[in-house]
Structures are given as C-alpha cells and as structure tokens.
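Enquirer: Submitted below is the structure of interest, expressed as structure tokens.
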Amino acid sequence: MQGSVQVTQKLQQRQELRQEQQQHHFESSFHLSSKSSVSQQSFAAYKTSSRRLQTTVKTEKGQEVVKLSPLPKRAKRTYLAMDTDKEVIGYVIPIFRANHESIRGLIESHEEDVTEEGINYVAMRNLFVREAREAREVKVEKKTRTTHIREVAGRVEMGKTMEEWSEFRKKMNPDSLTHLPEFIVKPRGQTVWEGKTVKLHCTVAGWPKPRIAWYKNNVLIDAKANPEKYTVESSYNMHSLEIKNCDFLDTAQYYVSALNVKGEASSLATIVVKRFQEGAEAGPLDPKPHGFCAEHGVTFKTTIIDHFEVAFGREGETMSLGCTVIVYPTVKKYQPEVVWYRDSVPLKPSKWVHTHWSGERATITLVHLNKEDEGMYTVRVNTKSGFDTYSAYVFVRDADVEVEGLPVAPLDVRCHDANKDYVVVTWKQPAVEGSSSILGYYIDRCEVGTHHWAQCNDAPVKYARFPVTGLVEGRSYVFRVRALNKAGVSSSSRVSEAVVAMDHSDRARLRAGPSAPWTGIIKFTEEDTTVGVVPGEPSDVVVTEATKSYVVLAWKPPMQRGHEGVMYFIEKCVSGSDAWQRVNTGMPVKSPRFALFDLAEGKSYSFRVRSCNSAGVSEPSESTGDITVGDKLDLPSAPGNPVATRNTNTSVVVFWAASKDVKHLAGYYIEYSAVGTDEWIPCNNKPVRKTRFVCHGLTTGTNIVFRVKAVNAAGYSLSSANSEAVVVQAAIAISGSPTAVTLVRL
C-alpha cells in the first residue's frame, strides 16, 4: 500500500512537470491564447477516449486475472492549435495519461531514456547559449579607404609572389626541362693507317638523358658481341667509340644517334683507313682477298654469277640490272651487305632509283632513264671476310627530237649558293647541239607543291651558270633548263633537287632546333647602346663572277649592326664618271651577295655597297675598281690527238691528252664517224673526266675514226684532230706460256 502511494506521488509530480513544460512551450511560441475551447474540447475528448474498463477473469486453475478492455475506436486526434476563427496558431503537444497500474512498468523502462534526453537537451542548450554569446562579442572595425587599398594591394602582391614561386618550382621540375638531344661536340672524321686504333668522341646534351647508339654504314654496332674490335664508353654526357686494329674494311661512315622521349639527333663522321705500301694503292672497289671471320668461325667466299653486261637505254625508258650472289659457307640468319655505285658514288634509293636484295639476287631498277643515269655501275657485296665487286657500263641515248635539227636537253641541273635573294643554277651542256651551235639556255622555276613553271630569263644565257632572283624567302623551288639554237628550243632537262630560298645561318638554325630549354629568366638592361645607331659600312666588296649576262658581287657585313639586322643597297658607276646610281631602288637585299643584270658588254663599271637599318643608311664601302663586263671564264682548249685501239668485236678503247690550262672542266665528249662520211655520232651522252674511254655498241668490221672535245661552264672547246682509222674487231690475244715441254733429241 505504501508502494502504491509513492507511485501515485511520483505520477503527480511528473504530471505537474509536464504541465509546466507545456505551458513553457506555448509561451515561447507566442501561443498563450491557444487555451481556447477548441483545444480544451480536443484534450477532453482525448482524455475520455483513453479510459479502459477492467474485468476479472478466472483461469482453468482457478486463478483470477485482471484484464483491460480493448481500446475504443476513435478519430485521429489533431495536434493543431486553433483559435475561435478556426485559424491554425500552433501545435498542441500531447500528454500521456493513464492509471497507476498501466504506467508502472512504463515508468521503470523509460527512466533511462528520459535521463538521456535530458542530457542531450542540456548539451544543445549550452551550445546555443555559447554561440549566442560569441555572436554578441563580435566587434566591427572601421577601416579607411587607404588602409583597405593597402591591404588589397598586399594580398595581390602576396598572390603574385606565390604564383611566381609556383612557376619557379614548376620550371625547376625536371619534367619541364625536357628537350631534344643536342650535339655539343660532334665526332670528327679521321684518316689513319691500317693496323692503328682510332677513337671517335662526342658530347651530347639533353633531358631526359639520351640513349646513344653507334652505326657503321647504317648498321648498328654491337660492341658487346665484338669486344675485340669495338669499345663503347659513356661518362657524364661524353661518349666515345674505339675501333681497334683498323683494316681497310673499317673505311666507312659512322653515325652516332642520340634518342630520348623528345626526339632524336644524329651526327656523321667518316673514317678512312689507308694501306702503307710501295705499289699503287688499291681502290675502294677493287676485290680484296677474303680473311677469316672470328665472329662466325669461317672464311666467307663470294661468287657473282649471272651478272649484267653493258646495257643501252633511251631517255624515258625503265631499265633493270641484276646479278646472282653466292656466299659460301651458308650461315643461318646472316646476309651480306649489297651496295650499288655509279661512277664510284654510292646510290641511295629515290624516286629514280630502286634497289632490291632477295637473299640470292641483287637488282637495281632505273625509273624513267635520263642522261644523268649514264655511267659505270658497280655492285659491291660486303661480307665479314671481305668484299667482291662487278661493274658494267650503262649508256643512255637521247630521246628523239620533235623537230629535226633541235638540240637535245641539257643535263645535271643543280642549285648552289642558295640564300634569301637568289639561287645559282648550274647545268652541263648536251653532247649534241643539233643542226647549229647552241645560242643559249632558258631557265624555268616552279614552286614546290604547284605545277606552274615560270621562265626566269628573258634573253637566253650562253654561260652554263645563272643566278635566279625574285624568290620568296622560305619557299622551296625546283628548276629545269632548255637549250636554244637556230632550229628552236629543246625539251626540258630533268628537274633539279628542291632548294629553299633561305640563308645558310637560318637553315642551320632550323635544322639544329632549340639549343636549350627556356629557364624563365629574362634580363633587361637599362639602355641598349646599339638601338638607334646607324650601321657601319660593309667591307671587302669583290666580284665573284662576271659574264656577258651578269655580275655577282659579294662583301662582308659591317661590324656595327645592332640587334635588328641590316640590309644593303648596291650602287654602280660607269668608269670615267662620278655619277653613282643605286641598282636596287625598290627593296634592299638581305644577303651579303647580289647579282647585277642589264650591264653593257665591254663597258667598265665600279661597284660599292651601303648598309641600312631603321636608324638610317651607312656610308658607302670602298669601290671595287673598274670591272669590265665579259666572260671571265675562257673556253677550254682542244684536247690532244686521240688514239684508238681494238678491244672487242663491238668496242674500241680511245686515249687522248687532256686539255691544257682549262678551268672548271666538266668533262669530255667522244664522237666517232665512219670513214668517208661526215656524220658524227656521240659515244657518251654524259661528259667523262678521265682521258680513257671504252666506246661500246659499235658495228663489227666498220672502219671508223674518233675525235674528242672538252666542255666547261663557258661552252665547248674546239674538237681535237681525228684519230687514225681503226677496224672494229677483237684484239689479238696474247698467247699463254708453253706447256708439256719434252726433250726430243740430245
């Protein structure tokens, strides 16, 4: 009984506490008027519907059990607080009410939850109170505009400093310093005696550190596989290749390649190994005795069979040469090196030359034959033991002319001394002039990538050398030449190799690329003394070429020229007067060379040069003195009398004496004619430099004579005297030594 009284007291206290909390809730929410009749009725209905009836029930064992009746069904209670006008003014917090028996167990089970909720409530209250106190303690500081600007400027300066520091750290990061390999010191070619040791050195810069590889005639050198022959060393960007006990086979072009993630750079050096002997030194294509190959433990022997003979072709045709190569003994996965030569010059694959090696047969295909393709063709088979060669001559006849009497096309068109303002084009005169002598030549140019050919000279030039002007700097051009005589103009020559209108220094700088990565540091000086200063006058003005058609001047740039570069004006003066006339009035030239045209033949001129920049024009240079317009290069003299000797049933060997006091000799043309006729037929369509030539393709039994003429850039010499007549037939063979000698009688 006493326990029930205590429980009742506790329930009353808890009910009073909840009433106080409810009242506090309404006061904090500004809902003091919510104690209206609506809320009281809602509370009364809730209170009435919460009562349950008690009934006593006896069990089978005779025990009495008190049970509560089920809850009556009632409408869902609303928790909205409304005023008399039925407007919502807040929420009603329900209060749980029950009798002592029903809540006794609930009180004991919820005591811990109530305690925890109280602790959480106190913690949240303290947090809100602390934040409110801190918010009240915030002080507002007034700043002047000057102070604000100063602080903003300080923050901007700090941001710039941090950004600069970040950029500096980024620049110092090795990943940002990566650049192409660059040869600081390139390997240099050397000439040594046989049996000596030679060493090639180079220094390479680059990041990441480049990987170095050495090549011999484009074949990788494996120093580890041949330690007795090669030694490769690398230390602190300095690299070397040592070749021990050099022999003649070590004569080659050696490449060194530097490779990293940014790209590749390479350099070339040529090593020539000479033999010390009293007799005549062997040529590079002469067969050598085969030696023992220590790498494979055998001595390779090479045999060339089914080889090509002397061949004849015509311009525009396609010709193939080939031979079968047998290398004994056969070593698995080993193939010899096959190299083709024309007139002792190695041939590289191009659109005109195609080479092929099948493992047994070596072939070369000459596409669209031209007179430049004529010459002595040699196939060289290199093995580890030595090499063997085979040679035969290829003749290329001129294509048929469209009109009888026209000259044939010139040949060997090349470009020299290319710069920003002009390119010097040279060529060789053809063997056949036609029905009359050649009067001159026309030069055509075409920009690479287009098909438009433009004629460079209005009047034909007699000299086989011409400076082409009017080029656009940085663009590539190809050239061709046509010959002119009284019958008309010949067909065009084969086009030259493409050339860029650019100075040598600019071209070298483009090939080299950037020399070093940018460090991010730029130094400025307060005053540059070279800015705004007129450049000095050029020096050493000389005439490098003088012909009837043009004169070429060359000079040295001035010492004082500033950083912006200089250009030049050229002036001329007729001898005997003081009137100087500017030649290039439209535009100053950029290169220290210039070609002058439209000069009167036979007159004498003086020339001088002025340099200029944005600050002004310099004083004139010293004049060249009187220069007479005319050909400085004389025609070659006639060769000596030729001598013809028998060779085979279809060939004759011709010897002659060289022309005397000839400058810039291009070669000799040999012609033959049947006795009793005046028709001269050329033996060769490409000039030869030697004084001996084997004329092939002759008719057996014909009685013929020969003559020779020399040619240089100025033109043809007079023909030599005719040789003595010779009949085309095989030479008398020299008998061999006697054999089977026996004693018949004492």
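Cβ atoms are placed via backbone N, Cα and C, with glycine included.
Quick paste from TrEMBL:
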- 1-10: compositional bias 'Polar residues' (COMPBIAS)
- 13-28: compositional bias 'Basic and acidic residues' (COMPBIAS)
- 181-272: domain 'Ig-like' (DOMAIN)
- 315-395: domain 'Ig-like' (DOMAIN)
- 409-503: domain 'Fibronectin type-III' (DOMAIN)
- 537-632: domain 'Fibronectin type-III' (DOMAIN)
- 638-733: domain 'Fibronectin type-III' (DOMAIN)
- 1-37: region 'Disordered' (REGION)
Enquirer: Give me the stretch from 181-272, 409-503, 537-632, 638-733 with the greatest number of Cβ pairs under 8 Å to the domain 'Ig-like' (315-395).
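Expert: So the stretch in question is 638-733.
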Enquirer: Run through the domain 'Fibronectin type-III' (638-733) and tell me, per DSSP, how many residues are helix, strand and coil.
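Expert: Result for the domain 'Fibronectin type-III' (638-733), in helix, strand, coil order: 0 helix, 42 strand, 54 coil.
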Enquirer: Over the domain 'Ig-like' (181-272), what is the model's average pLDDT?
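Expert: Value for the domain 'Ig-like' (181-272), mean pLDDT as a whole number: 88.
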